[in-house]
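The block underneath contains the structure these notes are about, expressed in structure tokens.
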Amino acid sequence: MTTPVSLSQVEKKTIESILTNKKEEGKLITKVTILNEKKKKLEIKTLILSSNRIFLFTDSKGKLSAEHHYLEITEIASQSENDVTIKFKNQNVMKMNLDASEVLKTLYGTLMSTFPGIKIGKTIIFNITPASRIPSIFQATSFKDIQGCGSFNLTYRSVCDHLGVQPLSSILWDIENLYPFNQVREFNLAEIYQYSFTDLKAILLSLSYNTYFQSFQSNGKLSNEDLNLLAEVFKENSSLQQLTITNSQASKEPIITLLQNVAENKALHLSHINLNNNSLENKGILTLGSSIQTFSNGLTYLNIENTSCSGKGLEAMFGCLTANNVVCGSMTHLNISNNKLESYGTNGLCKFLSKATALQQLLMSNTSPVYSFLKTSSSSIQTLDFSGNKSTTTKESVIDILSFFKQMSHLQTVNLSRIQTTPDDLKLLFSPATSLLKCSSVDLSENDLGDGGIIKLCEIMYPNSNLHHLSIDGNFKTKSKLRARAIEALINLIDDNTSIESLSLASGSGKYQLKGDLMPLLLSLLKNQSLVKLDISGNGVGDSGALAVSKILWKNQTLKSLKCDGNDFSYTALKMIKCSIRRNEKSLTILQLPLSDISTILKNDSNGSSHEKILKTIQDIQTSIVINYPNNIHPIDTSSGGLTPTKQPSIGSLAGVIKKPPIGPPSTPTKSSNPGFQTLPKRPTRGPLYPGRATGGAVTLTDKAQINASTIELPPLVSRSIDLLMEQGISSVGIFRTCASATALKKIKTRFEAGEDIDLKAENVDVDTVAGVLKSYFRELPNPIFPENLHEYFFQAMRQSSNEEIIQSLKDIIDQLSPLECKMIKKLFHLLHLISLEKDVNMMSPENIAICWAPTFFRSFASELLPINSFMIVNYFDIFDPENKPISSDNSGDADTDSTQSTCTTNNNNLVATSLSSPISPSTTPTKSIDNVLHTTVEVSRSPNHERAHTVGPMTSKRPISNNNGVSSNTPPLPNNVTPHHNTMPSRPSASPIKRPPSMGGSLSNFAGIPLSNHSSSGQLNNNNSNNNTTSNSSNSSSGKSSSNPSPIPTPPDSPSMSYIGDGKSTLRSKRFSRVNRVSYSPVLPRAWTNESRTVSSLFQDDLDSNSDSSGPSL
């Protein structure tokens, strides 16, 4: 007791007895003078201020005269230093003469320490005059009595004392021991065990007068009376920021009252509201919207899923949200699922989305939107749940919502399950016109795609290097003849698209089981090094499937999470899984027990003899997984404050520190700022071979100028591959379009990724395989060479009026790349340029090369990018290497041609005429004597820089000509009046014509100075009408020489054979080519090529009908 007061023994004994019975502790005791209203006289009494109540005792015997709880006080007034008046809710008034300053300080300090959330000036009024006394009373008050959890235990005890209720010991223990341990500020009614209505009333009233908790959650049944009590909480409380009331099963009226109190309480700042599964109807939704419209601090989370509201109610709510600019700029999560949008709600949603600049998650499943009204969206949306939204009318189609998806430029996760889409609709949805191809998580469950649809889906998803999770549950409704191809397409997809980390193939709600059809996919995971999470629940694969799973778990070190319930596993299957996990210390870390299968096993064991064995096996599986955790923990840098090497993380946090084994050389581990609180890890970047894009900021031109290009080393895979292709692959027919051996390609890639520097030439690796490895490298880069943010700059560059301006604009774009990227693409485009110059031989014009490489460079299949890529290939030297651009000569308009050049041209004409006029059978080739004449008669001027064919640039070698029958011979460059017949390979049409620069005109006289080659290939020449006579006369003088040696030169085994048709046209017979969709690595075609697997839609093939009248290469 702070103030000593002399009391008689009788008074002291009586007061201590009363305080002990009431479990009160006195804070202040003093003598006061009180006016007795009945007796109209002053009486001296003893005043005691305890922790919860005010006591008055008589001065003589210590008899209790009056007591009042602090929560009964309505006003405390003091007009001078010697008087205090206290008013109570029951209209009682206590007027006292005493030292007012000490009493007021004790009253205020006790109130604020016991009820930190009580509103001074509203709940209790302090009326103190003069005002100069207020600072000395309030500011000098100490709050040392405030305990852990904001003194919530004191508040709860005091409220229980006020209501006459015994406090729940479980709540007091939790408040004193659990909540302070990890700073939990979420009050969840589900954590309170067995409470009555009065207990709930005491708890909620305590929340009203305390400021510790910031979140209130209730997920269960609440009566109307309970909700009315909760409404009073939100009328008084000023600290709660999150409100969650779900599945209350109450009427809408008490919830409406609660929302009205929220709007009236200006001290309350809710940022999170979750009212799902409550019957709010339109009236409740409108009240909610009106309340949110009054918010001044914004709202980040709103969930009104399944609240029985119609389109008009939603339209009214969206109107209120749109009217509050603060809410539009702060809301990040909106869930309106299982409500009917209809036309009114769809319009309101679009208006809100047009202003919702911060919205990241939009969940609108089963809302029946009108497709044609979905015109506006938000570019900030990252997660979209559009599941269950079928078209409302037969006239609506996916085309109506393309603009809705197109505006979501940052979309990462999309759920399109149960929308009954078709494969053709999927092609539209995942076209470059939308942003869905950028999504890392795609859910297409229960769309009844069937086997054919799965094949189409794999083809669509194949180029998506951003895809990490794919869910196709319940799509195998009916088995067809395409089932094997569908499974193989999935295998190829997850094998080739190494970004896919999670795959879900569960049976879905329709229970469409794959059974034995799933076996090839399971066995393919033995060597898979990218998949981290797999779900095959409900497919009924049986013990044979369990055997495949056990082999996977035994060998695979990447797969960390597996769901396999509902597969008819027996006790033997459980034992196999147990043994495989034990034998692989880097096996699973998350395995959901197959409870339904275990239940079936136990039911079938009627005698119960195997129950103990089954239980022991399950325990061994769990123990093995726990033992495997330390082997899957990513090393943590102890300097960053992480776990020490000897400290073992708790089981609850171990799932967040899983790391996949790296592919290739190990990279330096990065520091983790928050270890133990991550989800499944991302696939690591594939070592130094995959540099990706620099993350340290853009490299300025000044920085580039200071970097010596000779100090930048290209990845061995790139440099070795390009060097070999320059030397051996420039004239290879169909280079980059020809299908390479998938096995050989993977072997080469694996060796390079392991850090081995392979001598491709010494090992005699096929050029098609090297081309496939090179293209695969650029396709698998974490970021494309030309990212999406540069695409618009490319389009603007191509709109320039002249070639010079276009070239300069493209050079400016190239300068924005990192030095390593600049060096890589410079060397790669040099190769492509050289290949394009041999288009008459290799049938790869710049347009055809662009079809192969544009999707890889730009990571897009937009046809508008093809002419850009083609232009860069043709104008390589102008864009990438203007210093070494060869000097081309044009003799067609020069009257003073030098005699040597004139002699060369004349000889060329004579030789061409000779070869064209000589009747040679298709089985023969030019004689050796002609080859000698070509080498001895024609003199070609070389540039000093032209030492090797692959370093010459546009002045490359190996340009053959052929006679009318398609037989080729090595010749020097042709004069101006002879034009070659260009490659007739079919190619994708460009969006706009490409202007050929002057150095690449139709006249072949520009190619004077190229070195000769001994390599023979196929080609064709069509002479202009203007030089027919000259050619004919020249042929008479050399016809004898051309036929002196009729013996044919054998064709090398590796060179393609040519089939000749009556009109002299030739077609390729030995090679097959892929289309723009990269079908050379397509997941939808078998790896072993057969006649059954060759289709017009996937191959440029040559199956010609012997009776057909063809004029060129045909499909």
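Each Cβ is built from the backbone N, Cα and C atoms, and glycine gets one as well.
Fair warning: this is a prediction, and the values are worked out from it, not measured in the lab.
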Listed range which Swiss-Prot flags as region 'Disordered', given the options 372-395, 1092-1115: 1092-1115
Neighbour tally for Arg737 (site 'Arginine finger'), based on other Cβ positions within 10 Å of its Cβ: 26
Overall pLDDT of the domain 'Rho-GAP' (699-880), taken as the mean: 86
Arg737 (site 'Arginine finger') - helix vs strand vs coil (DSSP): coil
